[in-house]
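Working notes, structure below.
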Amino acid sequence: MPALARDGGQLPLLVVFSAMIFGTITNQDLPVIKCVLINHKNNDSSVGKSSSYPMVSESPEDLGCALRPQSSGTVYEAAAVEVDVSASITLQVLVDAPGNISCLWVFKHSSLNCQPHFDLQNRGVVSMVILKMTETQAGEYLLFIQSEATNYTILFTVSIRNTLLYTLRRPYFRKMENQDALVCISESVPEPIVEWVLCDSQGESCKEESPAVVKKEEKVLHELFGTDIRCCARNELGRECTRLFTIDLNQTPQTTLPQLFLKVGEPLWIRCKAVHVNHGFGLTWELENKALEEGNYFEMSTYSTNRTMIRILFAFVSSVARNDTGYYTCSSSKHPSQSALVTIVEKGFINATNSSEDYEIDQYEEFCFSVRFKAYPQIRCTWTFSRKSFPCEQKGLDNGYSISKFCNHKHQPGEYIFHAENDDAQFTKMFTLNIRRKPQVLAEASASQASCFSDGYPLPSWTWKKCSDKSPNCTEEITEGVWNRKANRKVFGQWVSSSTLNMSEAIKGFLVKCCAYNSLGTSCETILLNSPGPFPFIQDNISFYATIGVCLLFIVVLTLLICHKYKKQFRYESQLQMVQVTGSSDNEYFYVDFREYEYDLKWEFPRENLEFGKVLGSGAFGKVMNATAYGISKTGVSIQVAVKMLKEKADSSEREALMSELKMMTQLGSHENIVNLLGACTLSGPIYLIFEYCCYGDLLNYLRSKREKFHRTWTEIFKEHNFSFYPTFQSHPNSSMPGSREVQIHPDSDQISGLHGNSFHSEDEIEYENQKRLEEEEDLNVLTFEDLLCFAYQVAKGMEFLEFKSCVHRDLAARNVLVTHGKVVKICDFGLARDIMSDSNYVVRGNARLPVKWMAPESLFEGIYTIKSDVWSYGILLWEIFSLGVNPYPGIPVDANFYKLIQNGFKMDQPFYATEEIYIIMQSCWAFDSRKRPSFPNLTSFLGCQLADAEEAMYQNVDGRVSECPHTYQNRRPFSREMDLGLLSPQAQVEDS
């Protein structure tokens, strides 16, 4: 069950759900329910000791709890709520009903303890506290309540915000109780390292590389007399710092009044510092000319090395309100007073002009985009161009504003986007860049007219001139017979225009010149208009033939280059990509450019500790080799690994692409159903990426090799072998036994363990028993329908993880899923080691080889790849699994007719080994409208339920068993046709016409 509150735990965030059931009853004897969400900042105390007494706070938010229509029984549903990862939540229900009540919590297929009690108002209270929210604890929580009057169900849906990476939050200060010291706190995931940065100088001169800077990696600071004091928190995402706001009475006041912004509920800290030759002076704080109340300030003093007295007076408020806004003035009997303006806001803001801006620059002009803004809290920002993101730097200005500049445009015309956000606000500003260029002119002529074409920016204008055959000068302007077509403009590029001259007898036999001009200059072309024959002749035949010769030579060289490149085909790129959505539509996204990220050397593994074996796969760009890695998982232990590498003559772009893939994998994290990164070798030699080794190869060949060993149930196997396998299925100490459905949900794992399972065995015993069980199962060398379901479930679970990490796979197929011990399957991306030139599954389309039969329509026809296009590919993968490795669309070649079939909504027939329910899932994955396809969390839930049902049916005649499938599916909620109508709706089963 979810981790309950523990004594003494410090929680960064507490979210409380309350559902209050009042005594008023409708005509149908249904209770009136009000669901409430209450957010808590809980930094000083832990959640209550018992889940029966959760915290309650102010500022409730109505979740609009309503009776669910068309549901069996009385079901109330609260609005879906998203919480941060590692948040702590309490689900609470108050029942205003006479008599005793009984209750039951149900979460992901499992019943959880429920202990109601009564409060002072004689209301029944049911609560559950979950600490440090993880992905496995997100889902639907059902509370079944039975009173003397009626029965009803309350449904809470809790999900984790789908952020690209973890969080790093700006630290803040708190006074240590009974001591003159400050505590620095940062609520971040993963847990940050907190450090104090002390500097003897102020502002820009206080650089961290300066010898005057002192760093202290501790959370409590007693040395509070320094000139510049900052607290910084750092984790995998980087570093965030907060400066202790200081008024120094010995410094000359700033030209503009210093300003400090805070949000309601945040702590306020202002330090007033003064130095004098003796101790005969004091400091006071005033807010709007009124002395601060006692308890909102404290003073410290010390003597410096030159025997001068240093006094500091802190003004602080533990949780500010709107009435704390105003001018805070620090006064001294020996120094001029100084003030600061403190502004308290309800929520964060970003103030800047968001109107789009257009710029025109010359080809070699130095230019930077810039955005000037005022924001609180500090923003996170990116610059984006052509779906690529670039680092964003900020610089503070004296007037409280900040500025961000982007100069790395490389004079590429187009649309540039500045995006900024903080915890409460978002801001986007668009820029358009045009490059001014002199027009370039091309000319052609026929028997009746001459035409000239030009591109340039700004829009060029045209003139035609007639040249005398006795003089090279062309001075006589032609105005009759000239027709200028309407100009077109390339997207964020040059203007393309043309002008045509209709021939007349007056100009035949003469040279004419067409000229295009704009503010950058003029370009001209000369044409000879001949009267005999339909074709014009260029005046200089030598130049004409020389041009033809150069063109032919260019064509020959280009052909040779194309032939050379054809062998190598296209530049290497990882199919797995992390995306950043930029708009409300899934189609508005760009791939995260990991070239700008730093590689974390903690992943570096000594290449001398690798002993290479055989080649597992080889392709146009690289190969994957089996190897033995010594000490990569545990000192003194060797394991088998798969090493991904480029071929010897890889160019710099391919090495850069492989390094980008490495950086992405380090950010991705690990999952049981993903081929996980174990380490890398990047120093002093070729780049090696070290992955988990899967001993049984890819799922496609695994299924094909097991066709003769397939049985629908274990009962068939026992009958066929006269129950000779029965001793194999005697229960091991760690086996899952029928009828034992009690589970525990661990906050740091997807795994489920029985309450009476392996808790009395050592780790070595458990590892030995598990290995022994796996070897016995694999010796059977059989494949069952439950195995197929388990494969489908595990792949969906892996894709659910990738969806949570904002990743798209783009080549999901059975050939890209690997099988290892225990029939565990793992999604991989070893396209580098696949020879797509000779693989018939990859078909030439445009200038690329693509896995056409696995691709969604939007990917095939529009080049759009989203998690929904991966769902389509997953449907094809399901078809592969339940046909035991048959190639999709059997007997249908990939030609123009195939593309028409896809556009017309054609679907494959039900595969031989699939049930009707599985086939319906396939059809829903193949919805032409991507919005009607199910999500991977829905697919995981449904397949987990199917797997549980199949398990019950298959083993009903067996006293003891060991499941072939890892039991991770048991932590999924049951699939409900009422709860997931979108998954099996007729709209998802039948394509739009």
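Yeah, the Cβs are placed from backbone N, Cα and C, and that goes for glycine too.
For the ATP site, Swiss-Prot records Leu616, Gly617, Ser618, Gly619, Ala620, Phe621, Gly622, Lys623, Val624, and the single candidate of Lys602, Lys634, Lys644 listed with them is Lys644. Note on Tyr152, Tyr566, Tyr599, Tyr630: Swiss-Prot annotates phosphotyrosine at Tyr599; no matching annotation appears for the rest, which is not proof of its absence.
Screening Ser731, Ser759, Ser935 against Swiss-Prot annotations picks out Ser759 (annotated as phosphoserine).
Candidates Ser188, Ser574, Ser638 were compared with Swiss-Prot; the annotation phosphoserine appears at Ser574. Checking the candidates Cys206, Cys231, Cys232, Cys330 against Swiss-Prot, the cysteine paired with Cys272 through a disulfide bond is Cys330.
For the residues Asn323, Asn626, Asn722, Swiss-Prot attaches the annotation N-linked glycosylation site to Asn323, which does not rule out the feature elsewhere. Ranking the recorded positions Cys114, Cys232, Cys241, Asn354, Tyr599 by Cα distance from Asn323 (N-linked glycosylation site) puts Cys241 first. Under a cutoff of 8 A between CB atoms, and with a sequence separation of 6+ in the same chain, the neighbours of Tyr599 (phosphotyrosine) are Met659, Leu662, Lys663, Thr666, Thr682.
Classification of Asn473 (N-linked glycosylation site) by DSSP places it in coil, neither helical nor stranded. Fewest other C-beta atoms within 10 angstroms, among the glycosylation sites Asn323, Asn354, are seen around Asn323. The separation of Cys407 (disulfide bond) from Asn151 (N-linked glycosylation site), Cα to Cα, is 65 Å. In terms of DSSP helix, strand and coil, the domain 'Ig-like C2-type' (253-343) has 3 helix, 50 strand, 38 coil. The Cα atom of Cys381 (disulfide bond) lies nearest to that of Tyr842, taking the recorded positions Cys103, Asn502, Tyr842 as the candidates. When the C-alpha distances from Asn473 (N-linked glycosylation site) to the recorded positions Asn100, Cys114, Cys232, Asn306 are tabulated, the minimum falls on Cys232. According to DSSP, Cys65 (disulfide bond) is assigned to coil rather than to any helix or strand.
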